[in-house]
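Asker: So that we are looking at the same thing, I have put the structure below in structure tokens.
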Amino acid sequence: MEVPSQAYVSKTRIGVLAVSSMGMAALAITPSYAAIAKTFALSNTSVQMLTSLPNLFMMIAGLIIGKLTASKINLKTLTISAIILVVIGGFMPLAFHTSFMFLLFCSCLVGLGQGACTNLSQVLISQMLPEKERQSTMGLTTTFTNIGGIIFIMGGGQLAATNTWVNNYWIYIFTLLILVVTLALVPWHPEKVNPDDDNQGGKIQLNKYVFYCAFWGFCVMLLNNVLNNNISLFVVEEKLGATSQAALTSTISLIGGMLCGLIVGIIGKKFKYTSISISFILYGLSYLLVGFGHSLLLAFVGSFFVGAAMSIAMGQFPYLISIAVGKNSVSMALGVYVAIYSIGGVVSPFIINPLTSAVQGMGLNVFSVSGIIALILGIGCILVNFQKKLVTAAQN
């Protein structure tokens, strides 16, 4: 088998990483939560549906894309279609924005496209890049996802500040740039990069480790959306800072994820049996810092390390899945993984908020409750030894 040229590998990597930058497209509207809630007289939980409901459609996208990528449909065609869904869902509210239900519908289109891009970026890596490039590239996808998140959230917030919250949606111009990069750099017909590329006709087989990864991914999203849904409101309600400073906490979280993503591959190799447990413990300590710190500075520090925790987990899960199943099963396995972990984002406010209400009398808030849950999950992950069992089984 011929070794693919360095030019092919570099070009394809850039294209795939551009696709991964769509992974937080649905969060673009979060800076305008308060303004939208005021416009439509909504509760906090109701307006949070603009980002929690798209997670449900990410789940649907995961299952659909998992099935489609296992078929003969061209991967680049699927990727372009997914990006176009985000473009449509992002631009339509600029023309029609008098109905909250229509905004929800558009957010769901964005979620569908985002979920497809999240799944496809990992499939593109596993099928278009040599095996030696996979772990580092999968780690870099978290960096580019966070770079995209910074552009979507910061850019959207700045645009909303120029006039009304409707202008927030102009940030989806960024998706047109990603579409152009994808068209230019992702190959229509990838070169053969792995020895078994000619033997992909076997039966799709998913093992228990796919579902273990999906379960722990579900828990990560359950925890991660606590920050997305509550940090801005928490900073304002606790009088830690102004609205502009509250929006900055989300950006700092993305910076934490972006910087950590640069070394996720190294972390994965150094802590190949415990990296997922480390991410949960980092979530726990970070949320406890935010919840009990009562300081804007500590909220910034906690947000930074929450982003780092997500980067570690979400950079490792796709790689673990790619080594846990056969090559012809990777796309479906990733589809199942995305489908299940997305549910965590959907149900997060409906699990965490009632739990917080139940223990508010004990002086706990949403972040301290989430921190305790994260530490329990981290200890549980260590005790069941799931990651070591997966890696050992893959090596055998």
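Glycine too: its Cβ is placed from the backbone N, Cα and C atoms.
According to TrEMBL, the protein has these features:
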- 1-389: domain 'Major facilitator superfamily (MFS) profile' (DOMAIN)
- 12-34: transmembrane segment (TRANSMEM)
- 46-66: transmembrane segment (TRANSMEM)
- 78-96: transmembrane segment (TRANSMEM)
- 102-125: transmembrane segment (TRANSMEM)
- 137-157: transmembrane segment (TRANSMEM)
- 169-188: transmembrane segment (TRANSMEM)
- 209-227: transmembrane segment (TRANSMEM)
- 247-266: transmembrane segment (TRANSMEM)
- 273-290: transmembrane segment (TRANSMEM)
- 296-321: transmembrane segment (TRANSMEM)
- 333-352: transmembrane segment (TRANSMEM)
- 364-386: transmembrane segment (TRANSMEM)
Asker: Under an 8 Å Cβ to Cβ limit, what residues of the same chain, 6 or more beyond the ends of the transmembrane segment (247-266), are close to it?
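Answerer: Apart from its flanks, the transmembrane segment (247-266) reaches 24, 27, 30-31, 135-136, 138-147, 149-150, 153-154, 157, 227-228, 231-232, 235, 299-300, 303-308, 310-312, 315-316.
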Asker: How about the transmembrane segment (137-157) and the transmembrane segment (78-96): do they have 3 or more C-beta pairs under 8 A, pairs 6 or more apart in sequence?
Answerer: no
Asker: Ranking 12-34, 46-66, 102-125, 273-290, 333-352 by Cβ pairs under 8 Å to the transmembrane segment (169-188), which is first?
Answerer: 12-34
Asker: For the domain 'Major facilitator superfamily (MFS) profile' (1-389), what's the mean pLDDT in this predicted model?
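Answerer: Per the prediction, mean pLDDT sits at 86 for the domain 'Major facilitator superfamily (MFS) profile' (1-389).
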Asker: Please give the sequence-distant neighbours of the transmembrane segment (273-290): residues at least 6 beyond its ends with Cβ less than 8 Å from one of its Cβ atoms.
Answerer: 216, 219-220, 223-224, 226-227, 231, 234, 267, 298-299, 301-306, 308-310, 312-313, 316-317, 367-368, 370-375, 377-378, 381-382, 385-388, 391
Asker: Using a Cβ cut-off under 8 Å, which residues of the same chain at least 6 positions beyond either end of the transmembrane segment (102-125) come close to it?
Answerer: 12, 15-17, 19-20, 22-26, 28-29, 36, 49-51, 53-62, 64-66, 69, 75, 78-79, 81-90, 92-93, 96, 133-134, 137-138, 141, 145, 186, 318, 322, 330-331, 334-335, 338, 342
